[in-house]
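Quick look at what TrEMBL annotates:
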type: REGION; residues: 1-39; note: region 'Disordered'
type: COMPBIAS; residues: 1-12; note: compositional bias 'Basic and acidic residues'
type: COMPBIAS; residues: 24-39; note: compositional bias 'Low complexity'
type: TRANSMEM; residues: 44-63; note: transmembrane segment
type: TRANSMEM; residues: 70-89; note: transmembrane segment
type: TRANSMEM; residues: 129-147; note: transmembrane segment
type: TRANSMEM; residues: 159-176; note: transmembrane segment
type: TRANSMEM; residues: 182-205; note: transmembrane segment
type: TRANSMEM; residues: 258-284; note: transmembrane segment
type: TRANSMEM; residues: 304-322; note: transmembrane segment
type: TRANSMEM; residues: 381-400; note: transmembrane segment
type: TRANSMEM; residues: 420-437; note: transmembrane segment
type: TRANSMEM; residues: 443-460; note: transmembrane segment
Amino acid sequence: MAELRGRTKQEPPETTVGEPPNLLPVTGTDTLTTPTRNPTNKKLSLLPLIFLIYFEVAGGPYGEEPAVKAAGPLLAILGFLIFPFIWSVPEALITAELSTAFPGNGGFVIWAHRAFGPFCGSLMGTWKFLSGVINVAAFPVLCIDYLEKLFPVFDSGLPRKLAILISTLFLSFVNYTGLTIVGYAAVGLGVVSLLPFIIMSLIAIPQIHPHRWGSLGQQGVKKDWNLFFNTLFWNLNFWDNVSTLAGEVEKPQKTFPVALFSAVILTCLAYIVPLLAVTGAVSVDQSEWETGFMANAAQMISGKWLKIWIEIGAVLSAIGLYEAQLSSSAYQLQGMADLGFLPKFFALRSKWFDTPWVGILLSTAITLGVSYMTFTDIISSANFLYSLGMLLEFASFVWLRRKYPTMKRPYRVPMRLPGLVIMCLIPSGFLIFIMVIATKIVYLVSGLMTVGAIGWYFLIKFCRSRKLLEFNNGDENEDEEG
């Protein structure tokens, strides 16, 4: 969209056949300065962006253990080898193309709006925002779960609740201090949390018995496919969340594809190398492969010092995951406000740190509200809502290629339309499977939230038509609706 450079709101750009009219502004980029953006604020460079994406998705091999418990070593290893190719790579390719074609903090909201109109854009925004903040709630819980191994007082009761509350508020304040700080903190957190797994994997080499990799699990232990697939999905999704930060990235058209593909490689290696090391070197009862078992395995392989390091690394990883995903949720709300999907005050930024404080505050409040659910219910609810959003995202990607075939795309997935359809159908089938095996409570929670999302769209439409609240770009959205 280089043609938009230098134009003002009063000068609508000319369009050519196959190129979309600029009904939505590109938010937060160098080409547009809005009242909510400080143009002198430093932007994200390549290395911090790689580690922010890494923490959006993984944050290390913490949490992959239940896959072994659910289906045995062989299927867990195959899952983490194959699943990235049928899920992570397609999602990263789509994110690279659409983030560079529509570089703004609205991310996937812009994509759905351009493809199918404002209703789908609003629905996409609500699904992805809710799945994001529900997912964020898992990380303070995960952090306290590891801390309780060192400090048993956090096991239950008031101390545990206070620990979750204080850690959530503190981490949200760190997020408030700025995305550049969060980005470089992610680099440090990533290195420190990965280093003990690298050391453990090297020490484990002489102890590995390759025949253990071929085990389908203990005889008589029933496969738990719900746990297996939800574990894979939760550990390898959310690649597109970083699209909501596109307006904060230095030269996004060049930086995004490189950062995404680098993060895919880093994430896959971070999962598969420790998994091969531990399943090959340690023989324990299959039921012991609970979340956190990697720390116990480190003690068996090397000693208690490495177990403590991995437990500390788990806490640091949870911090990185929280910061990265809270940033995406907060900047998504700011982008939606800039685009007119939310009232204007959602786009307000801090005078001191230039961060979207309203988005951070609302995201933190919802996160606190769901942080006392069980870890399994948090993951399952986030997965279901995320699946709904991803089905709409795949449809938007294919439809935008058909609708605007000649539109300039700085990065373009090297496939024709039939190939893109096949690329999207495979992960779509998996998404439907994840939704089918969901529990009744997940259906109930997700159904109520979807009804709420539809009601929210019509409420916002009513407020805009009656001018009850102030919106950005109201005229453009009304034109699009008409």
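Each residue, glycine too, has its Cβ placed from N, Cα and C.
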For the transmembrane segment (420-437), sequence-distant contacts whose Cβ falls under 8 Å of one of its Cβ atoms, 6 or more beyond its ends: 86-87, 90-91, 93-94, 225-226, 229-230, 233, 383-384, 387-388, 390-391, 394-395, 397-398, 401, 413
Which of 44-63, 182-205, 258-284, 381-400 contacts the transmembrane segment (443-460) most, counting Cβ pairs under 8 Å: 381-400
Which of 70-89, 182-205, 381-400 contacts the transmembrane segment (129-147) most, counting Cβ pairs under 8 Å: 381-400
Spatial neighbours of the transmembrane segment (70-89) far in sequence, C-beta under 8 Å, 6+ residues away: 57, 64, 212-218, 221, 223-225, 227-228, 231-233, 235-237, 239, 264, 267-268, 271-272, 275-276, 279, 286, 426-427, 430
Residues from the same chain, set at least six apart from the ends of the transmembrane segment (182-205), whose C-beta lies under 8 A from its own: 44-45, 47-49, 51-52, 54-55, 59-61, 174-175, 270, 273-274, 276-278, 280-281, 294, 297-298, 301-302, 306, 309-310, 313-314, 316-317, 319-320, 323-324, 327
The transmembrane segment (258-284) and the transmembrane segment (44-63) contact flag, 3+ Cβ pairs under 8 angstroms: yes
